[in-house]
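Asks: Dropping the structure in here first, questions after.
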Amino acid sequence: MSQTRGKYDFCIGLVLAMSSSIFIGGSFILKKKGLLRLARKGSMRAGQGGHAYLKEWLWWAGLLSMGAGEVANFAAYAFAPATLVTPLGALSVLVSAILSSFFLNEKLNLHGKIGCLLSILGSTMMVIHAPQEEEVETLDEMSHKLGDPGFVVFATLVVIVSLILICVVGPRHGQTNILVYITICSVIGALSVSCVKGLGIAIKELFAGKPVLKHPLSWILLLSLTVCVSTQINYLNRALDIFNTSIVTPIYYVIFTTSVLTCSAILFKEWQHMAADDIIGTLSGFLTIIVGIFLLHAFKDVNFTLANLPLSLRKDDRAANGTLLSAYDNFNDDEESSACLGEMQSTESLSARRNGSLSAF
């Protein structure tokens, strides 16, 4: 019965995580369409300080879609392991890229299409090999997990590293080094996911009729989540304001997901009950998603399609043949030069011997 219940919760969490990615990915398209409509009407743009988008229904639809996606993502943590839910967040980038090619006329080049395919394959691998059952089902169990010495040490290190980056490294190198602000968001994000996980369990117990509001852990988790999310939003906006979005997004995804997987492994010990092939499959799926996201973002401004591939290959062939021809010509020239030099030296030697010169010997 417990195993059947675990699989049922896993499926619910998986559906919620995937629907979250669809809602969040679609929200960017709706907001962008709304802003473009305002630009065509001649309204003051948001980048110039205008707020005309508040009267645009498409923008509001995008905002509601974003809210629905975040709620679904929040709920997914209550049913499925964080090892599964967090990496699937990359699908929102995939959904946004695909929808933008249809509704915003943004070309998706060959690198982007390969990146989308790799992201889907990596996500599929993670779904297949992710842990199927939850280790924590009540707030009391969550409280016991949070008091584990391993997690206490991890959380202490995260807080110390974050404070050092915020107070010491950030003011000096935050404007020039992209990793500073992104690292702050990522390591703090690992704690925020743990808080979301605990609050999701509290909400499940609340619907079951248990006195969750009297449990002090519920309020501690809510306060911690507020602080963590506020810090994440602050420093992620700083990173996006200073550096290119196409660089920030993949780097943030990699560091944030790695931090969450590490935190989940320490807090919930999901990896201890996974077989070796499942661990390898999960890590391989994660790395495949990383490569896919990198291809999708790093080369999105390169105008390269499948139709350009034969032309590119022909150019490479011509270049290779030209190189070989030049090397052959140079080799022949060198042989001819050596032959002429040898004939000249032989003639000079013969003349020297005929004249009785000592230098000939």
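Placed from the backbone N, Cα and C atoms, the Cβ positions cover glycine too.
What TrEMBL records for 12-30, 57-79, 85-104, 111-130, 150-171, 178-203, 215-235, 247-267, 279-299 is transmembrane segment.
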Asks: Return yes if the transmembrane segment (279-299) and the transmembrane segment (111-130) have at least 3 CB pairs under 8 Å (sequence gap of 6 or more), otherwise no.
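Replies: Contact between the transmembrane segment (279-299) and the transmembrane segment (111-130): present.
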Asks: Short question: which residues 6 or more past the ends of the transmembrane segment (150-171) have a Cβ under 8 Å from it?
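Replies: Here the qualifying positions are 180-181, 183-184, 187-188, 190-191, 231, 235, 262-263, 266-267.
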Asks: Looking at 12-30, 85-104, 178-203, 215-235, 247-267, which one has the highest count of Cβ pairs under 8 angstroms to the transmembrane segment (57-79)?
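Replies: Ranking 12-30, 85-104, 178-203, 215-235, 247-267 by Cβ pairs under 8 Å to the transmembrane segment (57-79) puts 12-30 first.
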Asks: Using a Cβ cut-off under 8 Å, which residues of the same chain at least 6 positions beyond either end of the transmembrane segment (215-235) come close to it?
Replies: 139, 142-143, 146, 162, 166, 181-182, 184-185, 188-189, 191-192, 195-196, 198-199, 202
Asks: Residue list, the transmembrane segment (247-267) vs rest of chain: Cβ under 8 Å, 6 or more residues beyond ends.
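Replies: Answer is 81-83, 86-87, 89-90, 93, 145-146, 148, 150-151, 154, 178-179, 182-183, 185-187, 189-191, 193-194, 236, 239-240, 286, 290, 293-294, 297-298.
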